[in-house]
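Novice: There's a structure below that I have some questions on.
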């Protein structure tokens, strides 16, 4: 397992522990902190989408570089959201913090579900392509074998026409 996978898994595990502690009232979280985590989660989803989903659909290097830049910008913004955003005082003046937070969470969840669906669809397409390739290879080898047999029969027929005496003997 590479370092990025380990780090990502540890961060995810820490958030699972944090959510469990919040559910059991083990900790109290300030609304600004929860809001910044929701923003970060949404930006991580955007990073994942840009890194893996949208990037694969563009073949030109220029568009892939653009998606790479946008992906890393969203990753950087997610980290800033966790570390810096909760400390801004303007968040205290937002009256509809809960509604905005709910929107971000629900929108992000919708994107995650769509990305899972797209991944499943891509895996199904790859499976069908591999099955089709296998069938074509099998069918192609059958056709090749039939062609070779037909050529052998044709040669035998040609030789029997050319040498009728040899066949009688």
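Positions of Cβ are set from backbone N, Cα and C atoms, glycine also.
Where the annotation comes from TrEMBL, it is an automatic prediction and has not been curated.
Annotations for this protein, taken from TrEMBL, read as follows:
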{"type": "TRANSMEM", "residues": "7-27", "note": "transmembrane segment"}
{"type": "TRANSMEM", "residues": "33-50", "note": "transmembrane segment"}
{"type": "TRANSMEM", "residues": "70-91", "note": "transmembrane segment"}
{"type": "TRANSMEM", "residues": "103-121", "note": "transmembrane segment"}
{"type": "REGION", "residues": "146-169", "note": "region 'Disordered'"}
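What's the neighbourhood like for each of these?
Specialist: Sequence-distant contacts of the transmembrane segment (7-27), counting only residues of its own chain at least 6 positions beyond either end whose CB sits under 8 Å from a CB of the stretch, comprise 37.
Below 8 angstroms of C-beta separation, residues 30, 32-33, 35-37, 39-41, 43-44, 46-47, 50-51, 55, 97 of the same chain, each at least six residues beyond the ends of the transmembrane segment (70-91), sit close to that stretch.
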